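Enquirer: From Swiss-Prot, here are the annotated features:
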type	residues	note
DOMAIN	123-217	domain 'Rhodanese'
ACT_SITE	Cys177	active site, cysteine persulfide intermediate
REGION	313-333	region 'Disordered'
COMPBIAS	313-327	compositional bias 'Basic and acidic residues'
Amino acid sequence: MSNVVVCALYKFVSLPHFESLREPLLSMMEQAEIKGTLLLASEGINGTVAGNQAAIDALLIWLNQQNGLENITYKLSFDDEMPFYRTKVKLKKEIVTMGVEGIDPLKVVGTYVKPKDWNALISDPEVVLVDTRNDYEVQIGTFKNAINPVTETFREFPEYVKQNLDPAKHKKVAMFCTGGIRCEKSTAYLKEQGFEEVYHLEGGILKYLEEVNKAESLWEGECFVFDNRVAVDHDLKKGQYDQCNACRMPITEAEKLTPDYVQGVSCPHCIDKISEEQRKRFVERERQVNLAKSRNEAHIGSDVNHVIEARRQKKEALRKQSAEKNKAKQANA
C-alpha cells in the first residue's frame, strides 16, 4: 500500500477575506508535514497537496471547519514517494487563471455529468467534445474523438472559443479537464457567450479513471498531473512519462535518448526555445542538484516557469501581430 496520499481539491466560493486564511492554513499544513501548493482568491480555493493519510484527513477536517469551505470537492490518489518539495499557500486574483473579467461559476455553469454517464454523452454524434487542457497535457492522453484546442495556457482558451465555436452551429458542447476546475470556468464562459447546452465531466478525468472500468473506458493514454509523478495511468498509478526539468514538458524514454535531451537542461520540446543564458543557468542548477545528491542532501531546484511564460508571451505577441495585419487589410479593402 502506497503511504503518500495525494489530494487534489478546489471549491468556488466567495471568500472576501481570503487573505486572512493564508497564515493559519500554512501553519496547519507545516505542522502536519503536508507538502504542495494551495491557492486562495476571492473566488475560492484550489490546489494539490500530499502527506500521510492522517495529515490529509486533518487538512480536510480543518478546511471543513472554515466558513465557506465546507464540503470541498477533492480527489485522492496514492504514491510511494512525496511528489512535492515545498509547502506553499499563495494569494491570487483567480484560483484558475482564464483572464476574463466577470466569469463566475457560482452564478452560471454548465451541466455536470457524472463519470458513469459520460460515455453515453460523448458518444452522441451531435456533441462537440473539447479538451480544455493545454497542448502538452493533451499530447499524452485524452478522450476518444476529443478536440485539442492546442493552447499553451488556459488564458488562450477564450480566444479558441471565439475563433472555433459558434452557439448557432454547435448546439451541444461537452468539456473536460484534469480535476474539474477549469471546466467550471470554461463552461461558465460558454454560457456567457450564448451556448445553451454545455456539459462538463464532474470530478474531471481523475474521477472518471477512478470510477469507470478500464474495459468500458473511452480514455486513451495517460493523464498529465502537476506534480513529480508527471502522469498517471488508468489505475491512477504513476505512468511511463518523465518530465524535462527545463520546460516541464512530459517526455518519453525514447526522447531521453535523443541528442537534444540533456538531463535538467533541455529536451526535444525546448531545445530551440531556451536562450543561452537559460541554458547556462540550467547547467549550473543541474550541477548543484548532482552535488546535493552526492552529499545526500535535498535540492529543491529553481523555478522554471519563466520558460513557459516566455513561450506564452511569444505566442501572444505573434497573435497580436497577426490581428493587427488583419485589421490593416480590412482598412485597406
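Quick reminder: no glycine exception, Cβ is built from N, Cα and C everywhere.
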Enquirer: Take the Cβ of the residue listed as 'active site, cysteine persulfide intermediate' and count every other Cβ within 10 Å, whichever protein chain it belongs to.
Expert: 24
Enquirer: Over the span of the domain 'Rhodanese' (123-217), how high is the average pLDDT in this prediction?
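Expert: Mean pLDDT for the domain 'Rhodanese' (123-217): 96.
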Enquirer: Looking only at the domain 'Rhodanese' (123-217), how are its residues distributed among DSSP helix, strand and coil?
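Expert: Counting residues by DSSP class gives 38 helix, 19 strand, 38 coil.
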